[in-house]
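Single-structure report; data block below.
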Amino acid sequence: MASMGEPNGVVSTRPVMADNRSFADFEPAVKKPKRNKFAFACAILASLTSILLGYDIGVMSGAIIYIQEDLKINNVQKEILMGILNVYSLVGSCAAGRTSDWVGRRYTIVLAGAIFFLGALLMGFATSYAFLMVGRFVAGIGVGYALMIAPVYTAEVSPASSRGFLTSFPEVFINGGILLGYVSNYAFSKLPTDLGWRFMLGVGAIPSVFLAVGVLAMPESPRWLVMQGRLGEAKKVLDKTSDSIEEAQLRLSEIKEAAGIPQECTDDVVKVQKRSHGEGVWKELLLYPTPAVRHVLICGIGIHFFQQASGIDAVVLYSPTIFEKAGITSSDGKLLATVAVGFVKTITILIATFLLDRIGRRPLLLSSIIGMVASLTTLGFSLTIIDHSHEKIPWAIGLCITMVLAYVALFSIGMGPITWVYSSEIFPLRLRAQGASMGVAVNRVTSGVISMTFISLYEAISIGGAFFLFAGVAMVATLFFYMFYPETQGKTLEEMEGLFGKFFGWREEAKKLKMKKTMEVNGDGTSNGQIQLGNTTTK
């Protein structure tokens, strides 16, 4: 990319390129770039992998009613079957980082779909509890791959101006998958018991077929291409996925710098010093992290932990049980109520995608988690009253249902999508695949523990007590996010390291960064020509 210099005798408030020509159509403070349709399409195709997890979560909440009746399993076997996929997905998420560095992000997505396709078929044709567990194991590996690779790929093809919007797509499709799972439960509930749950689980293979076909239209991640020395291909992808040619050049320059490639290298193919895949990365992440890497790692893992520890999978997976405890006894009533949960989750996550790049990550995250504390506390209160009453209390039942819907809405407006957006964008390029896979691993372990112990938990401390516990965890999360999490809205992926490393002192660094960019864009005649991508609001 051409070097950037000061304007020759001209004081301008616009960014200036090396040849002293201003480009009036790139004024972030005044005119927002149009949404890049090609990057939008790539994000949708990559995020289709997330439907796999969402469908499994949604469909198991209803299918388990008929599985328990057909296979005569007890409550311990029931909760293990419900949550074990999250533990099995660890195999996929731990392998996905290395696999995506080896064969590329694109073919890792294909692999995720193929593995889940096989798992869904095995579950659909299961004849026993043991056979069903084998299907859960295979599907879990596919889910682990999908959860790690979708947000990483999307973050790497997205321009900074819409990265939050596009990177939230995996969570959108998880919610869409949950809704499809709930609808599938209701649609097949009228079939004979031994056929109904098998159809519910087996049709989960269908999204995998669409994924395999759709991925053929996707380009490879430009960051992965640069890491392989394929600069010509990376430039073509960046030209298509950036808001302007200038932004594409800047993104390529930053990726080359992060990959250790000299800026003067402009050949289509260059030789890159190869390391065996993953060598040195784990040491830098875990054994000898810099203060910035340590801060990033704590934030990346922490947000995944608290997303699940605040009880979302307990509510989504066991919503029929919660509604039964609240006083809804018919199977149709419970399944219809769960469809309402899925509908609310899907609508609110769609709203969230449009707010991420307007309001920012931090305000949405904090308002979401505070609302979750309130709704979980009220849910625990209403369930406790119902549990201790010998007759139906209509207002408590209504309050319980309202709080379940409020909780999933508040989760989906902030905590749900921001977990994937934030954790995929804060890791430096050299650590991104492995860092993201660690976050997903923590996410799945926590989810597995919650979903495999929820029945035992509420039997031990009451169902109201279980939600009081989740409210306490969410309160701790509120303090954690407030103290340690800087705003990342509008920051390019490779410049974020400057925001991390001081833990409690990140606010001062954010102020300095904002002041620097204000001077560069609106400056005093000493603009260095750098282009700010996206919004610069710091919360």
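Each Cβ is built from the backbone N, Cα and C atoms, and glycine gets one as well.
Over the coiled coil (231-258), the average per-residue pLDDT in this prediction is 87. Per TrEMBL, coiled coil is recorded for 231-258.
Among the features that TrEMBL reports, domain 'Major facilitator superfamily (MFS) profile' is placed at 42-489.
Per TrEMBL, transmembrane segment is recorded for 38-68 (among others).
What TrEMBL lists as transmembrane segment is 80-97 (among others). Residues 53, 56, 60-61, 64, 67, 73, 108, 112, 115, 129, 132-133, 136-137, 139-149, 278, 313, 317-318, 433-434, 436-437, 440-441, 444-445, 447-453 of the same chain sit 6 or more residues outside the transmembrane segment (80-97) yet have a Cβ under 8 Å from a Cβ within it.
As annotated by TrEMBL, transmembrane segment applies to 109-131 (among others).
Residues 42, 46-47, 49-50, 52-53, 56, 84-97, 99-100, 105-106, 108-109, 111-120, 122-123, 167, 169-170, 173, 204, 208, 221, 420-421, 423-424, 432-433, 436-437, 440, 443-444 of the same chain lie 6 or more positions beyond the ends of the transmembrane segment (137-153) yet place their CB under 8 Å from a CB of it. According to TrEMBL, the transmembrane segment annotation covers 137-153 (among others).
Marked as transmembrane segment by TrEMBL: 165-183 (among others).
If you look up TrEMBL, you'll see 195-218 (among others) marked as transmembrane segment.
Non-local neighbours of the transmembrane segment (335-356) in the same chain are 58, 61-62, 164-165, 168-169, 171-172, 175-176, 178-179, 181-183, 185-186, 189, 315-316, 319-320, 323, 328, 364, 401, 404-405, 408-414, 416-418, 421, 489; each lies 6+ residues outside the stretch with a CB under 8 Å from one of its CB atoms. Taken from TrEMBL, the feature transmembrane segment covers 335-356 (among others).
The transmembrane segment annotation in TrEMBL covers 363-383 (among others).
Distant neighbours of the transmembrane segment (395-423): 151, 155, 163-164, 167-168, 170-172, 174-175, 299-300, 303-304, 306-307, 310, 312, 315-316, 319, 322-323, 326-328, 337, 340-341, 344-346, 348-349, 351-353, 355-356, 361, 364-369, 371-372, 375-376, 378-379, 382-383, 385-386, 389, 435-436, 439, 443, 485, 488; these residues of the same chain sit at least 6 beyond its ends, with a Cβ under 8 Å from one of its Cβ atoms. Residues annotated as transmembrane segment in TrEMBL: 395-423 (among others).
Annotation source TrEMBL lists transmembrane segment at 461-485 (among others). Sequence-distant neighbours of the transmembrane segment (461-485) (same chain, 6+ residues past either end, Cβ-Cβ under 8 Å): 295, 298-299, 302-303, 306, 309-311, 314, 322, 325, 361-362, 365-366, 369-370, 372-373, 376-377, 379-385, 387, 422, 454, 503-504, 506.
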When counting C-beta pairs under 8 angstroms to the transmembrane segment (195-218), the leading stretch of 38-68, 109-131, 165-183 is 109-131
Beyond the flanks of the transmembrane segment (165-183) by at least 6 residues, Cβ under 8 Å: 35, 39-40, 43-44, 46-62, 147, 150-151, 154-155, 157-158, 200, 207, 316, 335, 338-339, 341-343, 345-346, 349-350, 352-354, 356-357, 412, 416-421, 424-425
